[in-house]
Amino acid sequence: MNHIKDTLKIGSHTFASRLIVGSGKYKDFATTKEATLASGAEIITVAVRRVNIMDNKSENLLETFKDTNIQFLPNSAGCVNAKEAITLFRLVREATGIDFIKLEIIGDIDKTLYPDVIESLQATEILANEGFCVLAYTNDDPIMAKRLENAGASAIMPLAAPIGSGLGIQNRYNIGFIKEAVKVPVIVDAGVGCASDASIAMELGADAVLTNTAIAQAQNPVTMAEAMKYAVKAGRLSYLAGRIPRKAYASASSPLEGMMQFG
């Protein structure tokens, strides 16, 4: 397979990069932009409730990235039910014309930040029917992933570990099960702590990785962003190449034929 043409397709959108980055937790918009460009990402997600991308009277992310081709992905972080998220995205589309969205409805706002999948399922169906391209954040349940796909989700975004935890991929088998269960892209979201975590996610067969805290809170965000760029590429190529099977015992890499005989 020619990896040069190996693009990521989400709904009607096509991207060359399989890394998606967040915009939160940076010290300023300048660092956000520098790190995002270093990552090679073509999608940046922004929590509309925390950063008002619709405010034209002050510095905002839309203004910061206006000279780039980066696609904005508004998300509903902070929403706790379907009604809040639906209302938010309708306002976003009315103000910006953006209908490419990350649906994130949190069930446990105080501790785990785990998603409320029941509310998410309801919101996905309504928003998809209204023409939104819904990327649905969810838990690592392949049954729910399939239900979200059936409800109209254009991509499934299972968590790898709690948001911002940096614990890495805690559910390798479930990520694989989700990949088998759905036909839409699977984007590993939440829990990535370093570049190797992103690479592992891609080696498991994920179509893309979203990370924010691992870059924004790194000692050098720009350098970490570049590391993530290459990690995602390496993981994807490794997945496409096909790893060797795991074995319990050794297997010589050099042929035994023609060896010199002694004694």
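Just so it is clear, glycine is given a Cβ too, placed from its N, Cα and C backbone atoms.
Here Swiss-Prot has ALA190, GLY191, ASN212, THR213 binding 1-deoxy-D-xylulose 5-phosphate, and the candidate from GLY164, GLY235, GLY242 in that same listed site is GLY164. A C-beta separation below 8 Å, combined with a sequence spacing of at least six in one chain, links GLY164 (1-deoxy-D-xylulose 5-phosphate binding site) to LEU113, ALA190, ASN212, THR213.
Sequence-distant contacts of LYS102 (active site, schiff-base intermediate with DXP), defined by Cβ-Cβ distance under 8 angstroms and a gap of at least six in the same chain, are THR45, LEU73, PRO74, ASN75, SER76, LEU135, ALA136, TYR137, MET157. Considering only the binding-site residues ALA190, GLY191, THR213, the Cβ with the fewest other Cβ atoms within 10 Å is that of THR213.
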